[in-house]
Amino acid sequence: MLSELEIQAVIGFTGRITQGLILHPDNEHIIYPLGSTIVVRHIISRAQTFLRGHDNQISVITVSRSGDYVASGQRTYMGFQADIIIWDFKERSMIHRLKLHKVLIQSLSFSYNELYLASLGGIDDKNMLIVWDIKAGKALYGTPNRDPVNQVQFYNQSDEKMIAVLNTGVQILTIDKQNKKIQSVDVSFGNVKRTFTCVAIDKNDKYCYCGTKTGDVFEIQMDMAIYKRLAPVKKLFSQGVNCLGLLPNGDIIVGAGDGMIAKVSYQTMQIVASSELLGGVTSITFTNDYTHFFTGTSQSNIYWLDTEKLLPELRNTCHYERINDVAFPHNYSDVFATSSLNDIRVWNAKNRQELLRIQVPNLECWAVAFMNDGKSIVSGWSDGKIRSFLPQSGRLMYVINDAHIHGCTSLTCTSDCQRIISGGSEGEVRVWEIGKQTQVMKSSMKEHRGRVWSIQVRRNNEQAVSASADGSCIIWDLKSFTRVMCLFESTLFKMVLYHPEESQLLTTGSDRKITYWETFDGQAIRMLDGSEEGEVNALAITKEGEHFVSGGEDKEVKLWGYDEGICYFKGQGHSGTITRITISPDQKSIISVGAEGAIFIWKMPESVINAKAQLELPTVQNVKKQSEPQQQSQQLQQSQQAPKDSQSQKSNPAAKSVKSGTKSSKK
């Protein structure tokens with residue numbers, strides 16, 4: 001059995017899930033999904049704990065009234081069962097895993113006294129509604145539905161009544177315990193036709209409010225099963241109503257698809273206050289006193305608002321699209337940068353907060369790197385330009401126009417900070433000389449026939465290696481700008497790395513293999529099966545070269561021993577393809593980024609860190625293993641020189657460092 005990699009922290013929030021952001025009833029924790037992981041974060045200390053049990057993307061999440069239970073459902077592949085997991089919040093452990101639905105869990109709801117859990121399947125599951133016994137973990141009642149159902153919600157004062165929001169209408173459901181059936185009554189809307197999306201029920205179970213894709217809100221009298229009023233008056237919410245919340249005085253908080261959050265008066269059914277947020281509003285969750293609330297958006301932003309004036313305060317932000325690259329500055333582990341659609345973001349690695357956002361609208365950043373002197377962030381974009389930014393302000397330093405046709409897909413910098421080597425989607429590798437005022441192309445090397453996915457430079461800046469989708473890796477001479485060697489394999493190469501000793505290369509690609517190559521003659525030494533399912537996209541190696549990390553389409557981070565070629569640790573948490581992996585310069589953490597927009601920070605195992613410490617012991621032992629005559633003569637010399645040295649050191653404390661400096665300078 002492989003050991004599990006420990007998650008140190010995550011940066012991310014799956015904002016597209018309706019009501020996916022929940023404030024726990026203790027008013028201290030917020031709960032939200034990230035890929036296949038549920039994150040429980042303390043609001044003040046920002047400490048994170050994780051609920052892990054799903055093997056695919058979480059589609060719905062809910063919390064019971066007391067906060068003792070958390071329930072989550074997932075989506076899976078066609079024909080497979082989709083799991084529902086009931087968690088114990090205090091113990092942060094799994095209570096039941098419920099399996100009956102197929103493909104997708106659409107909605108979940110706990111009953112008033114926490115006796116039952118209602119679950120709703122998707123279209124592929126015939127919109128099946130199942131009521132579960134929470135204590136026993138068994139299904140009690142079930143019924144399919146012809147029309148697609150978007151949400152199911154228990155009443156606030158009853159364990160036997162629910163409301164179901166269909167695409168074409170609303171149903172009031174009653175559990176018939178004697179006949180073991182679920183009875184349904186359709187709400188009458190007269191001639192009005194809408195596509196319904198969500199529901200909110202008032203505390204007394206007299207009225208409920210349903211949002212529509214048209215952008216209006218229906219008030220329904222529940223005991224009569226008939227609609228009473230429409231809101232807002234004369235103005236519709238753009239891109240539909242995504243979520244609703246009710247205040248104690250009856251006012252309605254409406255979250256719209258265009259990012260508007262609005263308060264609608266219960267008496268006049270008119271908009272009283274509103275504000276614009278970044279991304280469509282998907283979640284509304286109130287504090288216990290209803291003075292403030294959190295809201296989540298489809299662009300993965302979390303806002304904190306007051307219920308009076310709806311003044312938004314941004315509390316958390318992260319990527320909402322595929323992350324393409326991640327990079328640390330040279331020998332500095334407190335900060336790292338990620339690149340995605342529209343922007344580059346710089347993060348504080350300790351508190352996981354965003355420090356800087358560099359936005360270039362309507363473009364995608366495919367590659368990002370720090371210059372070794374730390375004075376600039378270099379990036380490659382989908383419009384074929386290379387852009388350099390200041391790392392503190394994000395101000396544009398320079399742009400290399402038309403660096404590559406159809407996009408700059410990879411780049412790296414030399415250690416002297418004077419050259420950039422970039423690769424394009426057409427297969428060209430180009431060397432740019434960076435001056436104070438000018439950026440000049442020194443050479444364009446066109447031998448690849450496919451996209452260049454990765455470029456690495458040797459420490460002496462004399463050679464570089466590039467990996468391409470045409471099935472070749474080429475080692476280039478950066479003095480004569482010619483090919484030194486070419487490595488061929490029947491695969492789409494995705495990543496290439498130099499071993500720290502630079503005598504071997506490590507490659508991976510679409511054939512799921514991790515291959516060791518000799519740089520002297522270009523021969524393949526060893527091939528490992530990097531994955532059983534999908535292609536391997538990312539590799540990173542430790543400074544000593546004893547271990548390396550891989551990740552790809554199987555959504556697992558794997559830690560390997562380099563000499564043994566054995567996988568020792570495995571980390572699960574991503575719900576999308578892992579696109580890039582890097583190891584922090586202090587070798588204490590692994591950072592992986594994925595296609596779902598998540599950043600996972602993994603703790604480097606203690607056994608690996610201890611192994612690195614032990615690597616230094618043999619050198620100390622070798623020094624001690626000297627012949628006895630040599631040791632005796634050295635002791636005599638030291639005893640003669642000791643009084644003089646001690647006197648000089650007492651008089652001048654810096655003498656030691658001065659002496660060492662003069663010795664090194666003579667050498």
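Backbone N, Cα and C define each Cβ position, glycine as well.
Residues or ranges marked as compositional bias 'Low complexity' in TrEMBL: 628-667.
Under the heading region 'Disordered', TrEMBL lists 622-667.
The list of residues near the repeat 'WD' (401-442) in space but at least 6 beyond its ends in sequence, with Cβ under 8 angstroms from a Cβ of it, reads 366-367, 369-373, 375, 378-386, 448-457, 459, 461, 464, 466, 468, 470, 474, 476, 478, 481. Annotation comment: TrEMBL describes 401-442 (among others) as repeat 'WD'.
Positions annotated as repeat 'WD' by TrEMBL: 445-486 (among others). When pLDDT values are averaged over the repeat 'WD' (445-486), the model yields 93.
Distant neighbours of the repeat 'WD' (529-560): 5, 36, 492, 494-495, 497, 499-501, 506, 508-514, 566-583, 587, 590, 592, 594, 600, 602, 605, 608, 611-612, 615; these residues of the same chain sit at least 6 beyond its ends, with a Cβ under 8 Å from one of its Cβ atoms. The repeat 'WD' annotation in TrEMBL covers 529-560 (among others).
Within its own chain, the repeat 'WD' (571-604) has Cβ neighbours under 8 Å at 4-12, 14, 34-37, 50, 52, 55-58, 300, 318-333, 336, 338, 340, 347, 349, 352, 534, 537-543, 549-553, 555-559, 612, counting only residues six or more beyond its boundaries. If you look up TrEMBL, you'll see 571-604 (among others) marked as repeat 'WD'.
Residue counts for the repeat 'WD' (445-486) under DSSP, helix first, then strand, then coil, are 0 helix, 25 strand, 17 coil.
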